[in-house]
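Noted in Swiss-Prot for the protein shown:
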- Glu120, Gln123: Ca(2+) binding site (BINDING)
- Asn8: N-linked glycosylation site (CARBOHYD)
- Asn18: N-linked glycosylation site (CARBOHYD)
- 1-28: topological domain 'Lumenal' (TOPO_DOM)
- 52-175: topological domain 'Cytoplasmic' (TOPO_DOM)
- 29-51: transmembrane segment (TRANSMEM)
Amino acid sequence: MEKFTDLNYTLSVITLMNSTLHTILEDPGMAYFPYIASVLTVLFTLHKASIPTMKIALKTSKCSYKVVKYCIVTILNTLLKLAGYKEQITTKDEIEKQMDRVVKEMRRQLEMIDKLTTREIEQVELLKRIYDKLIVRSTGEIDMTKEINQKNVRTLEEWESGKNPYEPKEVTAAM
């Protein structure tokens, strides 16, 4: 019988809450009620989730200040996101991490520029050497009597032993 009365009591509480919500929602001045309710729900959830988390973190952590600071920053960033802001709150540690990352990236870029500059200088020196070798130099007087390459061409009289080396010869094979 006690379970039945508990169930009856629970149902009456739910009915009372539903009727209260319906009367609030019917009022035209409460157009923002769903937004207010969602913000209150989020705040309540954050409160219920953050208190035990912070208690455990403070007990187990050696540096409680950093934990509290991190929890507060996280809660404020969540509220800012819910409000529609794109900006976030950052701690000095995060700023230092980002600055270290930026400095590391700048060093990497400078090393890359240094390597590329060295390569470009080497390429310019190589091109200068190639250009120096390709420069036309005057060799004095050029023999233009034979314009085409006929220095190795011989006539029948110029051949040794007077025979044409390109004529086919008879070849006999041994059996």
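Here the Cβ of each residue, glycine as well, is placed from N, Cα and C on the backbone.
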Request  = Run through the Cβ atoms and count how many others sit within 10 Å of the one on Glu120 (Ca(2+) binding site).
outcome  = 10
Ask   = Which residues does Gln123 (Ca(2+) binding site) neighbour through Cβ under 8 Å, counting only same-chain ones at least six apart?
value = none
Message = Averaged over the topological domain 'Lumenal' (1-28), what pLDDT does the predicted model reach?
response = 64
